[in-house]
Amino acid sequence: MRVNNGLTPQELEAYGISDVHDIVYNPSYDLLYQEELDPSLTGYERGVLTNLGAVAVDTGIFTGRSPKDKYIVRDDTTRDTFWWADKGKGKNDNKPLSPETWQHLKGLVTKQLSGKRLFVVDAFCGANPDTRLSVRFITEVAWQAHFVKNMFIRPSDEELAGFKPDFIVMNGAKCTNPQWKEQGLNSENFVAFNLTERMQLIGGTWYGGEMKKGMFSMMNYLLPLKGIASMHCSANVGEKGDVAVFFGLSGTGKTTLSTDPKRRLIGDDEHGWDDDGVFNFEGGCYAKTIKLSKEAEPEIYNAIRRDALLENVTVREDGSIDFDDGSKTENTRVSYPIYHIENIVKPVSKAGHATKVIFLTADAFGVLPPVSRLTADQTQYHFLSGFTAKLAGTERGITEPTPTFSACFGAAFLSLHPTQYAEVLVKRMQAAGAQAYLVNTGWNGTGKRISIKDTRAIIDAILNGSLDNAETFTLPMFNLAIPTELPGVDTKILDPRNTYASPEQWQEKAETLAKLFIDNFDKYTDTPAGAALVAAGPKL
């Protein structure tokens with residue numbers, strides 16, 4: 001067994017963890033496999049072996065992130081820079097926490113981890129050595145260590161020898177905070193950050209995504225302050241080195257559409273864009289598996305094998321997986337190391353500057369076209385609007401599609417004001433001569449979801465330039481430029497009005513959606529730059 005590799009219990013004592021029985025340091029996949037399937041494990045610690053070779057775990061009631069339980073310590077480091085939930089017009093999840101309450105939460109987590117056998121995983125967040133975070137994850141649960149090993153960048157032995165953590169994540173999933181009411185918190189569960197101590201604490205929730213998205217929120221704080229774009233997007237690169245980025249909220253198609261046999265994958269969810277180009281923050285993928293089929297998404301299906309980790313899927317007695325069963329959650333997931341996808345950028349997940357920027361939206365109203373080409377002002381408007389329908393299950397309590405606006409297609413993970421991300425992105429796009437497009441992967445007037453086949457043909461037309469050469473017409477009210485025809489796409493669906501029994505039906509729904517856009521964008525009109533963008537949005 002690879003135990004501690006030079007990491008001593010004394011080092012953990014510096015974080016407040018005492019009486020450590022032993023440290024399993026950067027465990028191998030083989031060791032994690034044995035640990036997860038240990039028959040003596042009970043509850044959510046226990047893994048189940050599936051017939052695809054991957055282990056499956058359950059995360060209990062926490063089958064998605066808990067944004068209402070997210071807190072950031074408000075102190076001299078963050079007071080004037082963070083985008084706070086209790087200031088300004090914008091709504092977000094960055095609730096302030098006092099240094100005193102932080103110390104109490106830290107005491108709960110360190111008490112939980114003390115006197116235990118611990119898994120410690122050292123990993124990088126960010127493929128660019130100049131700006132990456134060296135993160136140390138500490139947990140008592142084997143599969144949580146496995147999740148981290150899948151999702152973050154795995155250091156070489158040489159890099160581990162000189163590893164000095166910039167950030168510590170202590171996962172105390174088994175502990176809760178009984179004093180939450182007196183402290184004015186949302187519940188007994190917590191996901192808390194301290195930028196001065198450079199630490200994240202997790203209590204009460206078993207959901208693996210809290211570690212992944214926690215570090216994304218930190219990159220979203222640190223990078224834009226250096227002029228580097230930090231983006232909730234997937235990215236891939238073509239044979240000629242042409243890079244495309246796909247922005248979108250969970251479930252809109254980021255992973256599916258960027259995993260393309262004709263292009264090499266840079267990453268599926270979190271990226272930076274600096275003077276050298278686009279780079280991945282992660283070393284793995286976290287794909288939704290609800291209704292997954294080998295026929296529709298072969299690359300993702302084939303990635304589910306030994307070393308992949310499934311979450312909240314239904315495993316039958318014979319070890320087979322029912323991917324259609326959403327009874328635990330619609331947000332069933334699999335994490336796997338990025339090299340489980342054959343067609344990836346090697347050896348480092350980065351490439352040149354992006355020339356195509358694609359905003360993915362899933363419109364539950366059936367109003368927006370499957371694709372439109374955006375002007376420079378429309379690019380900023382739709383980036384700041386971040387419209388989609390929240391799809392079932394990516395957060396607790398949401399089971400039906402409901403319209404939502406999420407600034408920069410990732411408001412839940414923003415640490416600075418949205419306009420700061422828009423400014424950095426626009427500068428990067430202008431320097432690279434990039435063009436933006438709005439792609440609707442949602443529903444049309446028939447009530448049917450636009451097919452993956454049609455959406456893939458649309459993406460192909462964007463990437464090969466044929467969309468830029470196509471004739472366009474303007475969709476009224478939203479003033480969006482829509483191609484009259486595209487190769488491989490049913491022409492009838494390009495104009496959303498054609499999918500309704502009458503144009504009046506579209507008009508009625510369009511007015512409802514336009515009003516939602518206008519009302520949402522009002523929060524940006526308190527600055528001259530924001531007010532100037534109103535004209536790029538829908539008009540009633």
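Using N, Cα and C of the backbone, Cβ positions are placed for all residues, glycine too.
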One of D260, D268, D269, D274 listed by Swiss-Prot as binding Mn(2+) at the site of K213, H232: D269
Same substrate site per Swiss-Prot - residue from R316, R333, R373 joining R65, Y207, K213: R333
Between R65 (substrate binding site) and K523 (N6-acetyllysine): CA-CA distance (Å): 25
Secondary-structure category, per DSSP, in which K254 (ATP binding site) falls: helix
Distance from S250 (ATP binding site) back to R333 (substrate binding site), taken between C-alpha atoms, in Å: 11
K213 (substrate binding site) CB neighbourhood, other CB atoms within 10 A: 23
Number of other Cβ atoms within 10 Å of the Cβ of R333 (substrate binding site) across all protein chains: 26
